[in-house]
Structure formats: structure tokens, C-alpha cells
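Residues or ranges marked as transit peptide by Swiss-Prot: 1-37. Summarising the annotation, Swiss-Prot assigns N6-acetyllysine to Lys126. Positions annotated as repeat 'PPR 1' by Swiss-Prot: 149-183. Look at Swiss-Prot and you will find 184-219 tagged as repeat 'PPR 2'. Summarising the annotation, Swiss-Prot assigns repeat 'PPR 3' to 255-289. The repeat 'PPR 4' annotation in Swiss-Prot covers 290-330. Sequence annotations record features per position, and here Swiss-Prot assigns repeat 'PPR 5' to 331-367. What Swiss-Prot lists as repeat 'PPR 6' is 368-404. Feature annotation from Swiss-Prot assigns repeat 'PPR 7' to 412-446. What Swiss-Prot records for 454-488 is repeat 'PPR 8'. Annotation comment: Swiss-Prot describes 489-523 as repeat 'PPR 9'. Summarising the annotation, Swiss-Prot assigns repeat 'PPR 10' to 572-606. Residues or ranges marked as region 'Disordered' in Swiss-Prot: 665-689. The annotation compositional bias 'Acidic residues' is assigned in Swiss-Prot to 673-689.
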Amino acid sequence: MAGVSAVRWLGLRSRLGQPLTGRRAGLCKQARSCRFYSGSATLSKVEGTDITGIEEVVIPKKKTWDKVAVLQALASTVNRDTTSVPYVFQDDPYLIPASSLESRLFLLAKKSGENVAKFIINSYPKYFQKDIAEPHIPCLMPEYFEPQIKDISEAALKERIELRKVKASVDMFDQLLQAGTTVSLETTNSLLDLLCYFGDQEPSTDYHFQQTEQSEALEVENDETSRRKAGHQFGVTWQAKNNAERIFSLMPEKNAHSYCTMIRGMVKHRAYEQALNLYTELLNNRLHADVYTFNALTEATVCVINGKFEEKWSKIQELLRHMVAQKVKPNLQTFNTILKCLRRFHVFARSPALRILREMKAIGIEPSLATYHHIIHVFDQPGDPLKRSSFIIYDIMNELMGKRFSPKDPDDDKFFQSAMSICSSLRDLELAYQVHGLLNTGDNWKFIGPDHHRNFYYSKFFDLICLMEQIDVTLKWYEDLIPSVYFPHSQTLIHLLQALDVANRLEMIPKIWKDSKEYGHTFRSDLREEILKLMARDKHPPELQVAFADCAADIKSAYESQHIRQTAQDWPATSLYCIAILFLRAGRTQEAWNMLELFRKHNKIPRSELLNELMDSAKVSNSPSQAIEVVELASAFSLPICEGLTQRVMSDFAINQEQKEALGNLTALTSDSDTDSSSDSDSDTSEGK
């Protein structure tokens, strides 16, 4: 027991960090990096003997946690609320969007508010000097966009380059040359980087919230030019003899960086031929290009040559051989650029695309989602029903299942849209579930892309579920995805209605109509007509007929609320017929009879089925006046059923002499109109002969 006490005391003192003396201190020094344990509950050996079971303590390496690790841990403890809209919209309950259009307006307004706040902070920086954020958040503090160095020096030029002042940087460079000051090669290359990236034009206002008088004058000067362009970044073209070319020609010494910057700038702004010519000059000067320049040259090669596929593919292979000769190792973007270029040639590019994919794996480059996105487009055309699928999507999914991806290429967020589009074309629900499972693996959901990409993906996914899945599973997906993930399009709701029709679950129609109103589809005529047709097609139990009639009355109110847009075509005959039939079947007779006025008002011809049901309703209520009104409506449109309705009135109702005369006049008018129409047709036939 004394030995046990000694060992426990030593362990306690060593854990508490208390100093030891004498024999105990010596033992502790030897055992400071060791941990004692015994194979049994009691220690059989006394102090001073060998202690069995000594295990070396391995101190773990320091782990660097992400700044939002705590938030990520907390977020992992909760699930998505399927009854609410996406979290980005959960601000003011009165501002929560209810449709795709409103959600886009919400996001634009939110981004505009952020830009305005940033503009105010940068316009009045003296009022925002106190940093209250812990840790420091740079975007909450003012940014200084105006140069602080006023004299003419290379330091001033560097400052203007860092501030992305294109015109000011060029002016400072020219002033330095006029003063006889030699600008270093590094600074000149930085200036070329700025000019080539922005195409020798001032950046858009997204980069500068403060506009000085000089920049405003420059904006007015370039206004006419900018209007001819489709957009700032995508519309800028490379101008001949611009400042970049002028400064490049003035450089007394050029290195590989100078040439590579110019080549990439020319390709970025669609000066492909100039880029290829400059690459030839680079080779003549015995310089080597970097991998990013070769990536740009690959794009330029495909865009500039107006030849056949074999010629363009030969040029791409020649560039790859140049990379080998210059000992430039390709990266992921190299292969993705080649695959993106091969998409132009479809069937001809299938074999080269597979060779490129095998080469990637052979040199140890892991393909990204963008790689498989380009492969899909080489073998298939998502969304094109005329193209026969090559089924390569199955091989891709077998390779990707269970993997977690990180962003490596700007086109990574396009893979899931392409894959789900192929699933929709193939009508393969199991494959769609695999794609959706891959999306929900780890953080792959971040690659769903912007709002319109997400809507496209989930629309295709849910449409396929409506077409192929059982109705209970379909409704479960409906509750899970809408509106917590995306807002459905009216066509998506029509597909859901068709699924309900196939499964004989029409009792869900009133709920679908209620949801469609919340999602902003109240005035979608195709959706309203589909709902009315399904409700009016067959007879149902009384409780369901009452619910259908309420839904029909709500749809009727939606038609009537279209003040300016309401025209004759806004009230199709089918909708009028369905609403009247639903009112009759639910016992709302007066509302059904009121629908007859709408037929006359909008000049719509009622169906014979509706007239017969109206006649049955008049017979049940024993109302000869209503029966005669039905005959009058049929006579007004010269319907063939008018004579049969007249006979029903004569046989089924007790009418007076005045009503008999009215019926006789209606019958005579109908027969006269029939005679006139037949004579007109006979005369037309004789004239034709």
C-alpha cells in the first residue's frame, strides 16, 4: 500500500506542477514524459523496483481552428426548417419574398443597401474610425481610394497601381519618363498587369465608391464608348496601340513576365491573333511562358483558327509539347481549358476528351467538378431532346459518389445543373437521387451556384420526382423543398397537379391553389385552367365538391381582380364552364346561374354539358323561367342543342301561354339561322363549282 500511495502522490504532484526534492525529484525527472499504468487493480511491487507498462506520451500537434469554427459547430446541431423560407430572407416578416421574382428583388435590395453603407463609410471615413469589432473586420472600416503621395516618384506610381487608378497610373508613368526617371522593371510589370486586366480602362464603380471630379469626367468621356459594349468586363475589347502596347514597346528591358502579362491581357479581351504573334516573339527572344499563359494561348488557338477540328486539335497538342519543352507543368486549369474548348466540337472531341481525363489522372491532378461538367457537355447536350445521350453520366457518378469537393475552378458551380439536366433527359430518377446525394455530401451544397442555378436544379429534380415517384414520396419532397429551398415555377405546380391526377389524390388541389397564390402565381392562366379542369372533370363526394367550389370561387375572384389586364381572352370558355359546373355540383345554384351573364359578356360559347346540367338544376327547383333562360342562351349562339332543350322544357315543365310563345319564337329564330347558314354554304359550294 505504501508503494501505491507513493506512485499516486508522484502523479498528483507532477500534474499540479509542484516542485519535488530529493529522491522523489529524481524519479519525477525521469518520468516527466512518461505515463504510469498497471495491468491490475493493485500494485504488487514496492517503490524502487521496475515499474511495468511504461507508455510514451505523444504530444499532439497544434491544430489551427477556423475563425468560424464555433459557428460551424453550432450550425451542425440544427437542421433546416422546412416550413420557412431560406435563412437569407429571414429579416422582416413583412419583407419575406413569396416568389422567385420577389426573392431576386430582395437580394438586389440587400446588396444595394450594403453598397450604400460602404459608400457612406468611405465618403466620410472620419466618422468611422473606432474599431468595435473583435476580431477586426476589415470590411467594416473605411477604405482609402485617393492617393496620398503627391510628388512624382516611383512610390507614387506604385500607390496608384495598388489603388487601381488606371489613368492616374499611366499619367504618373509618363511624367516619370518625361522627368528622365527610370522606372524599375518590377513596377512597369505591375503597371502592365493593371492595364491588361482592365483592358486599359477604368474599373467599374463596383471597385470605387468615391468618385472624384477627374473620374467623373473620365466616365462622361467614355460613356459613348461604354454604351456600345454589352458589359464592362465582358464587353471590353483590346484596342490597337493602347497604353499597354505603348508602355510595352517603351520598355528598355522585357522579361517573361512582361510578355506573359500582355498575352493574357490580349486573350482576356479577345485579341487572339495579337496574343499568338506575341507568343512567337517570346519564343524568338528565348524566353519561357508560364502555365497561365499557356492556358490563355489554348483558348486563343481555338478561337482564332477557322479550320476543322483536326487542325485545332493539332495546335492544342503543339502547345502541350511546348509546355514539355519549356518544363512547364500543367495545372488543373490547363486541362479544364482544353476540355472547355473541346466542347465546341461535340462528337469529334469525345475521344480526345477521354485522353485528356486519363492524362490528368496519370500526372496526379485530381479532376474538379468543372472537369466533369465539361465532359458532360462534350458527350451530351443538356436540355437538347434531339441529342441522344451517351450515358457517360453513369460512369461519372460512379466515380464521384461519396467525394467531398473544394472550389478549384470558376465553373465548378455548373456541374450539378448539367448533371440534373441529363437525369431529366434520361428520365432516370435513381440517377437523380445519386446526384442529389452527392450535392448533400459534406460541403458540396456550396456548389449549387447562384439563385437562378439553384432554381434550375431543383425545378428539374422535383419535376422528375413528380413524373416518376409515388405520390406520397412526391408530397414529402414538396413539403421538404418548397419554400425552404426554392420557390416553384408555375409549370412545376402543374407537374405536381398531374401527379396528383395520376394517383387520384385530387383532394390536395385546394391546398396547391392556396400555395400557388402565396408563391405569386395567382394570375398564371395555365395554372388556373389546369386546376379548374381537374376539379370539374369528374363528380366527387359532397364534401370535396364544396371545397372545389370554394376554390373555384377564389379563382373567379382572381379573374375579376385583373382590372387593367382583364380582357376577353382572360376569361376562356373552359374556365367559365368549369366554374359554373363546380358551383352547380356544390349546390351553389345562384352563383352558377350568374356565370351565364359572363358567357354573354365575354362572348363565350357554353358547352352542351353545362346547358344540360343547368336544365337539370332548373328542373330540380321547378323553375320554368330558368329553363327558358337556358334555351335563350343556346339560341343566342345558334347551338344545335337548342331544339332538344326546347323539347325538354315543353315536356318537363308546366309553362303558360306566354312562355310557349317565347319558346316558339326562339325555335323559329334558331331554325331560320340554321337555314340561312345552310343556304350560304350551298351558294358557296355552287360558286366553287
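Glycine residues also receive a Cβ, built from the backbone N, Cα and C atoms like all the rest.
For the repeat 'PPR 3' (255-289), the model's average pLDDT works out to 95. For the repeat 'PPR 7' (412-446), the list of distant contacts is 368-370, 372-373, 376-377, 380, 382-385, 389, 391, 393-394, 396-397, 400-406, 453, 456-457, 460-461, 463-465, 467-469: same-chain residues at least six beyond its ends, Cβ to Cβ under 8 Å. Sorting the repeat 'PPR 3' (255-289) by DSSP state (H, G, I as helix; E, B as strand; all else coil) yields 26 helix, 0 strand, 9 coil. Mapped onto DSSP classes, the repeat 'PPR 8' (454-488) shows 26 helix, 0 strand, 9 coil. Taken through DSSP, the repeat 'PPR 7' (412-446) splits into 29 helix, 0 strand, 6 coil.
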